[in-house]
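Notes follow once the structure below has been shown.
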Amino acid sequence: MTFITRWLFSTNHKDIGTLYLIFGAWAGMVGTALSLLIRAELGQPGTLLGDDQIYNVIVTAHAFVMIFFMVMPVMIGGFGNWLVPLMIGAPDMAFPRMNNMSFWLLPPSFLLLLASSTVEAGAGTGWTVYPPLAGNLAHAGASVDLAIFSLHLAGVSSILGAINFITTAINMKPPALSQYQTPLFVWSVLITAILLLLSLPVLAAGITMLLTDRNLNTTFFDPAGGGDPVLYQHLFWFFGHPEVYILILPGFGIISHVVTYYAGKKEPFGYMGMVWAMLSIGFLGFIVWAHHMFTVGMDVDTRAYFTSATMIIAIPTGIKVFSWLATLHGGTIKWDPPILWALGFIFLFTIGGLTGIVLANSSLDIALHDTYYVVAHFHYVLSMGAVFAILAGFTHWFPLFTGYTLHPTWAKAHFGVMFTGVNLTFFPQHFLGLAGMPRRYSDYPDAYTLWNTMSSIGSLISMTAVIMLMFIIWEAFSSKRKVLQPELIATNIEWIHGCPPPHHTFEEPAFVQVQE
């Protein structure tokens, strides 16, 4: 098989998963670089980079790159492609060629996003792309149009991937295997795919209307022609809120596997509770979107509904957190790097969840909306939730993907540096938000200097951690320490073919005997 047929025309779920992981790692470095530019600008009062426009272009690009080109490709495309077929005993994904197309739509999408920042003054709209700021007056030129096309491509990629994962998870498992006997990671990817399939078309509609408002003189979001900018907010957030659950649900699946494995358990605590908690989170995620819009002026009964509906999500989330703790309980914990990431995830994700409960209160949110309190909240659940889950999964399955082992001491040191860096970066932002520092500004009054400087120092520590990770991965490939024998393979069937597994697995259907 030539290099080109293997890597460009690939129909193999393992190779496509590897492509997604490499793409996500590269995009992650771009996104990290953008975040360091943001923290450098905010490291002290005064201007570093230029005006607020360039600053907001960087903020917008940072969000898009991290969401659409780092977290989603790695979690869904990387871990999802690699593990879902192995975990259900399928020979590959249901639609292997469509799988390849899903991946190859992403590099052009990324290219369009980068192009948007090189024409005119860039798209400095924030990742929400609200009109009228995103309209053709405030953002004349092609920048926002290129960003919209980028989103269209990433969206098509995700929708195709979602169809593929739904079909695979439901239809490609052995007939004797009920859906309630599939591993939790398979469930998490299935639910994530359903969320993508239902939410992305709404985003596509919203940004297409924005495109025609900008270029074809329609007035969907322009009051002068009978439109309403708040309609855009509803369309965007009907996608945007499920999106944040799309980013974290595969992480829930990864953490369930890692916690179970390193606690030495053969199954997670409360499997059915875990499944129904994820289903509940997926359902509730669609009916709370307007909590992002408490400041646009809604009726008191509407605010009351969105406040209480948002708080209800804490219940299934709590079920998951306590089930992870119950899984750990009574286990002989194996203190390998992945469990450190998983424990860090549980602790920090819970803190992020608590600040989320605070923000769910519409009255409090009116004071805190668009302050650094919100930034701190979602970075605790993303920068320490999603990213820690990715690193837990990566350090756990790296031997499966490559056949080599990471250096255990360095991997633990990397956890320590990263843990310090992200907490020092984002914890002070709660204080800034409570003190009223607004988001999306490149400068601030001197009173906010101390916590901003602390936050920026934290970002440099996180950068050190990223460089450490690059070295640790290089060291593993360089030293070529082979995997001897994974433990607990009876209850973790992704490992049964050895490390790494052969190019084709389960070519003939697996024999499944169901325990009565």
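Including glycine, each Cβ sits where the backbone N, Cα and C put it.
DSSP classifies GLU41 (Na(+) binding site) as helix under the three-state reduction. Around GLU41 (Na(+) binding site), taking its Cβ as the centre, 22 other Cβ atoms fall within 10 Å, counting all chains. Feature annotation from Swiss-Prot assigns Na(+) binding site to GLU41, GLY46, SER442; the stated evidence is similarity to another entry.
What Swiss-Prot records for HIS62, HIS379 is Fe(II)-heme a binding site, and it gives similarity to another entry as the kind of evidence. Annotation for HIS379 (Fe(II)-heme a binding site): spatial neighbours GLY352, VAL422, THR425, PHE426, GLN429, criterion Cβ-Cβ under 8 Å with sequence separation of six or more.
Taking the Cβ of HIS241 (Cu cation binding site) as reference, residues of its chain lying under 8 Å away and at least six apart in sequence are, in sequence order, GLY285, PHE286, VAL288, TRP289, HIS291, HIS292. What Swiss-Prot lists as Cu cation binding site is HIS241, HIS291, HIS292.
Residues annotated as Mg(2+) binding site in Swiss-Prot, with similarity to another entry given as evidence: HIS369, ASP370. The secondary structure of ASP370 (Mg(2+) binding site), as reduced to three states from DSSP, is coil rather than helix or strand. Around the Cβ of ASP370 (Mg(2+) binding site), 15 further Cβ atoms fall within 10 Å across all displayed protein chains.
Feature annotation from Swiss-Prot assigns heme a3 binding site to HIS377; the stated evidence is similarity to another entry. Classification of HIS377 (heme a3 binding site) by DSSP places it within a helix.
Summarising the annotation, Swiss-Prot assigns topological domain 'Mitochondrial matrix' to 1-12 (among others). Restricting the average to the topological domain 'Mitochondrial matrix' (1-12) gives a pLDDT of 96.
What Swiss-Prot records for 42-51 (among others) is topological domain 'Mitochondrial intermembrane'.
Through the fold, the topological domain 'Mitochondrial matrix' (88-95) approaches residues 11-13, 81, 163-165, 167-169, 171-174, 177, 182-183, 186, 493, 504-507, 509-510, 512 of its own chain, all at least 6 residues removed from its boundaries and within a Cβ separation under 8 Å. Annotation source Swiss-Prot lists topological domain 'Mitochondrial matrix' at 88-95 (among others).
The annotation topological domain 'Mitochondrial intermembrane' is assigned in Swiss-Prot to 119-141 (among others).
The topological domain 'Mitochondrial matrix' annotation in Swiss-Prot covers 172-183 (among others) and is backed by similarity to another entry. Mapped onto DSSP helix, strand and coil, the topological domain 'Mitochondrial matrix' (172-183) counts 3 helix, 0 strand, 9 coil.
Annotation comment: Swiss-Prot describes 214-228 (among others) as topological domain 'Mitochondrial intermembrane'. According to DSSP, the topological domain 'Mitochondrial intermembrane' (214-228) comprises 5 helix, 0 strand, 10 coil.
For 263-270 (among others), the entry in Swiss-Prot reads topological domain 'Mitochondrial matrix'. Distant neighbours of the topological domain 'Mitochondrial matrix' (263-270): 184, 256, 319, 323-324, 326-329, 331-334, 339, 488, 490-491; these residues of the same chain sit at least 6 beyond its ends, with a Cβ under 8 Å from one of its Cβ atoms.
In terms of DSSP helix, strand and coil, the topological domain 'Mitochondrial intermembrane' (288-299) has 8 helix, 0 strand, 4 coil. Per Swiss-Prot, topological domain 'Mitochondrial intermembrane' is recorded for 288-299 (among others), and the stated evidence type is similarity to another entry.
Long-range neighbours of the topological domain 'Mitochondrial matrix' (329-336) within the same chain, counting only residues 6 or more positions beyond its ends whose Cβ lies under 8 Å from a Cβ of the stretch, are 262-265, 269, 395, 408. Look at Swiss-Prot and you will find 329-336 (among others) tagged as topological domain 'Mitochondrial matrix', backed by similarity to another entry.
Within its own chain, the topological domain 'Mitochondrial intermembrane' (359-371) has Cβ neighbours under 8 Å at 291, 294-295, 298, 303-304, 306-307, 310-311, 377, 432-434, 436-440, counting only residues six or more beyond its boundaries. Under the heading topological domain 'Mitochondrial intermembrane', Swiss-Prot lists 359-371 (among others), citing similarity to another entry as support.
Proximity of distant same-chain residues to the topological domain 'Mitochondrial intermembrane' (435-447), defined by a Cβ-Cβ separation under 8 Å and at least 6 residues beyond the stretch ends, is recorded for 41-42, 45-47, 49, 51-52, 55-56, 59, 126, 370-372, 374-375. The topological domain 'Mitochondrial intermembrane' annotation in Swiss-Prot covers 435-447 (among others) and rests on similarity to another entry.
Between the transmembrane segment (142-171) and the transmembrane segment (52-87), the number of CB pairs under 8 angstroms, six or more residues apart, is three or more, so the stretches are in contact. A 10 Å cutoff on Cβ-Cβ distances gives HIS62 (Fe(II)-heme a binding site) a total of 20 other Cβ atoms nearby, all chains included. Counted within 10 Å of its Cβ, the other Cβ atoms near HIS291 (Cu cation binding site) come to 22, all protein chains included. Reported as a whole number, the C-alpha separation between HIS369 (Mg(2+) binding site) and HIS377 (heme a3 binding site) equals 11 Å. Remote same-chain residues near the transmembrane segment (271-287) are listed as 180, 184, 187-188, 191-192, 194-195, 198-199, 238, 241-242, 244-245, 249, 252-253, 256, 309, 312-313, 315-317, 319-320, 323 (criterion: CB distance under 8 Å, separation of at least six residues from the stretch ends). Outside the transmembrane segment (408-434), and at least 6 residues removed from its termini, the chain residues within Cβ reach (under 8 Å) are 39, 336-337, 340-341, 344, 348, 355, 368, 371-376, 379-380, 383-384, 387, 391, 395, 448, 451-452, 454-465, 468-469, 471-472, 475. Of the chain residues outside the Na(+) site list GLU41, GLY46, SER442, LEU42, PRO45, THR47, LEU48, LEU49, TYR55, ASP443 have their Cβ within 8 Å of the site's Cβ mean position. Candidate binding-site residues: HIS369, HIS377. Fewest other C-beta atoms within 10 angstroms, HIS369.
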